[in-house]
Amino acid sequence: MAEQLSPGKAVDQVCTFLFKKPGRKGAAGRRKRPACDPEPGESGSSSDEGCTVVRPEKKRVTHNPMIQKTRDSGKQKAAYGDLSSEEEEENEPESLGVVYKSTRSAKPVGPEDMGATAVYELDTEKERDAQAIFERSQKIQEELRGKEDDKIYRGINNYQKYMKPKDTSMGNASSGMVRKGPIRAPEHLRATVRWDYQPDICKDYKETGFCGFGDSCKFLHDRSDYKHGWQIERELDEGRYGVYEDENYEVGSDDEEIPFKCFICRQSFQNPVVTKCRHYFCESCALQHFRTTPRCYVCDQQTNGVFNPAKELIAKLEKHRATGEGGASDLPEDPDEDAIPIT
């Protein structure tokens, strides 16, 4: 190795080492080109002619019962193993189809009453329930009443009773619905009715404005008036539901509370006066009553001798006098009494 080799010998004796780079393994996502094999009589350089696509044949895999997959699950195979194409066609399931035959009737399917008379079959039979036992006992007691004991055992519920119970639930329970023990359930499922007689409004708060439960009260705290369901149904039947009447929302004025006769003399007003408690009298009647007592004739409050002219009443009386007959109908007077002018 220490000797120097000649150039001709060096070429023959030198060993060359070739290092091959590994190919990329991440090219799985690349799009593969179709394999084109040129025909032997044609050159591969011709771009005008098309290329032949070689498709690999699908291998037939032997069915393995230990391997399960969702693909091709619709095919039913009779046995494990290969099947011929004819056998596969025979074993393929036919397309499912549902065919209904018309009854040529417009009636709905099912019972004619749409199940309104359906019976709850989980309860005890009518011939064996507590109601039937009670009715049989009542019938036997009626037959044995007034007879001697015949020494016949009729069951634990049918012992002869020599005294008829009265004023008790058992004595008055001819139907058996008010006695103790189980009660027979309704026969039909649609027999349950709930009446709307519970407005769920706090009665204490509605009447007094105060409730001892406070915010924890489960009823509505409202002092308004509500209509029950039966009242709404009655208005619907009479055709009055939803009809708003203006007079229900009119606020009465103070003039409507003014009387048209004096409280003391029961006659039409002459020089009307009004007290502090808003009561109207004739001037002469008020002064005459004040000589007896300083209190009001109606409410017995202290007037202190203060009588003011009733200007509102005077204006109302003049208005009704001007209307003529309308005013006479609103202010009826005695037929034998003459009209007294207002000064």
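Every residue, even glycine, has its Cβ placed from backbone N, Cα and C.
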Write down the residue from S47, S85, S169, S329 that Swiss-Prot flags as phosphoserine. S85
Candidate set S84, S105, S137, S224, residue annotated phosphoserine in Swiss-Prot: S84
Annotated phosphoserine residue, as Swiss-Prot has it, among S46, S73, S95, S253: S253
Beyond the flanks of the zinc finger (196-224) by 6 or more, those residues with Cβ under 8 Å of it: 230
Find the average pLDDT over the zinc finger (196-224) in the predicted model and report it. 88
I'd like the per-state residue tally for the zinc finger (262-300) from DSSP, helix first, then strand, then coil. 10 helix, 7 strand, 22 coil
